[in-house]
Amino acid sequence: MEAADYEVLSVREQLFHERVRECIISTLLFATLYILCHIALTHFKKPAEFTTVDDEDATVNKIALELCTFTLAVALGAVLLLPFSIISNEVLLSLPRNYYIQWLNGSLIHGLWNLVFLFSNLSLIFLMPFAYFFTESEGFAGSRKGVLGRVYETVVMLMLLTLLVLGMVWVASAIVDNNKASRESLYDFWEYYLPYLYSCISFLGVLLLLVCTPLGLARMFSVTGKLLVKPRLLEDLEEQLYCSAFEEAALTRRICNPTSCWLHLDMELLHRQVLALQTQRVLLEKRRKASAWQRNLGYPLAMLCLLVLTGLSVLIVAIHILELLIDEAAMPRGMQDASLGQVSFSKLGSFGAVIQVVLIFYLMISSVVGFYSSPLFRGLRPRWHDTAMTQIIGNCVCLLVLSSALPVFSRTLGLTRFDLLGDFGRFNWLGNFYIVFLYNAAFAGLTTLCLVKTFTAAVRAELIRAFGLDRLPLPVSGFPRASRKTQHQ
């Protein structure tokens, strides 16, 4: 063999080893995410559904749980996708020729983006509908009972659903773009149909993030306030503990002696009031036992961090709005070649990249908090060891829709300059200036409105409680006057 042939073989062998190495790394990363998600779902599932007398139902629920675990792992991977890419770029910039990070390259990052896109399509279009129909199926009438009969019914339902969705996408494409070439491209199921369908789902996810994130940013202050110990501002905790114990003792006597009074007592209501008082007393005991550092330093610092992160997010979006008006390069776009390690995607270098990652995680957490705080999705909130299988499926679908839209959401708002890789950058609406501009303006406006309303209301309520104005007989805003009957009791 000639030297050229040996060189070609060497290049092919090196390429083969790189592909094998990327497959191993991707498998290890996904296995780690899968284990973490399996542990989380195990703590939320309802044990009675997996230990039933009917082994068939238990087997079906176990299969559906594994599919949900796979979907949740893909959702977690979509959340980590953009931060991992930003950090990898900064690491390659800082250590360009380090031997121990040679496995970290643009090909690996590009492959991870493609895998997340593929698995997101697979989970949303096939696995989650299959899991739902599988748990609800009973087998065709006249067929033999068993798991196999349920599989047959589920496959038939899934095929009918696929035809229905295919027709809806065809009609939507004809309405939006009445072009023969665009309609013929729908025949290409893999190259056009799935990306087009995922583009629609991603657009819905981005709209959902637009609604949930401002609500979550406002709710983060109250959620953090419940988790941390508040400082004592003109409050007498001993008096509050004494009043709480006195009220609890009075209600307990009413429950123990229901016939001592001629009035009709609602025992269920009394029990709920006792539980609420016990919870309040536990929180007051926690505040009394907390150290001065916890009360006077932890709570203010946490609130200050939330305020800084929220204000920084709004400031970045406002700057991005101005950039959209004067610079066409600010528009989100796709990038086919992941050329990492050449230039930083932040003007502040590594420090700016860290800020971008923190903001992306903060907005994702806020969107989840806002999603479960909204009245429409509040009933979907999972409960510890008391979440039904269908509710787990619904949560996994919603979290996957939110997380898979996070890269597009972050790039559209200008939180990062890292362009979208693979099929994430093929969404048609990303090139529409009016959609992107209105989206940024709506996010900045809604976030500012929610923050001003929530922050001023929270400060007003805390000051009213601190000065004891809520216990006065005069009507105070936010605290309705107690009825005469309640005052006599």
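Each residue, glycine too, has its Cβ placed from N, Cα and C.
Feature annotations, reproduced from TrEMBL:
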TRANSMEM  24-42  transmembrane segment
TRANSMEM  63-87  transmembrane segment
TRANSMEM  107-134  transmembrane segment
TRANSMEM  155-176  transmembrane segment
TRANSMEM  196-218  transmembrane segment
TRANSMEM  297-322  transmembrane segment
TRANSMEM  353-372  transmembrane segment
TRANSMEM  392-409  transmembrane segment
TRANSMEM  429-452  transmembrane segment
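When Cβ-Cβ distances below 8 Å are used as the criterion, the transmembrane segment (392-409) is approached by residues 41, 44-45, 64-65, 68, 71-72, 74-76, 78-79, 81-82, 116, 120, 123-124, 128, 131-132, 135, 201-202, 204-206, 208-209, 212, 332, 360, 363-364, 367-368, 371, 377, 380, 382, 420, 424, 427, 430 of the same chain, each at least six residues removed from its ends.
Touching of the transmembrane segment (297-322) and the transmembrane segment (107-134) is ruled out by the presence of fewer than three CB pairs under 8 A, sequence neighbours closer than 6 excluded. If you count C-beta pairs under 8 angstroms between the transmembrane segment (107-134) and each of 24-42, 63-87, 196-218, 353-372, the highest count goes to 63-87. Proximity of distant same-chain residues to the transmembrane segment (196-218), defined by a Cβ-Cβ separation under 8 Å and at least 6 residues beyond the stretch ends, is recorded for 117, 120-121, 124-125, 165, 169, 172-173, 186, 310, 313, 363, 365-371, 373-374, 401-402, 404-406, 408-409, 412, 423, 426-429, 439, 442-443, 446-447, 449-451, 453-455. Proximity of distant same-chain residues to the transmembrane segment (63-87), defined by a Cβ-Cβ separation under 8 Å and at least 6 residues beyond the stretch ends, is recorded for 29-30, 33-34, 36-38, 40-41, 45, 50, 109, 112-113, 115-116, 119-120, 123, 127-128, 130-131, 134-135, 338, 340, 345, 353, 356-357, 360-361, 364, 389, 392-393, 396-397, 399-400, 402-404, 406-407, 410, 416, 418, 421. Same-chain residues lying 6 or more positions outside the transmembrane segment (24-42) and placing a CB less than 8 Å from one of its CB atoms are 65, 68-70, 72-73, 76-77, 103, 108, 111-112, 115, 392.
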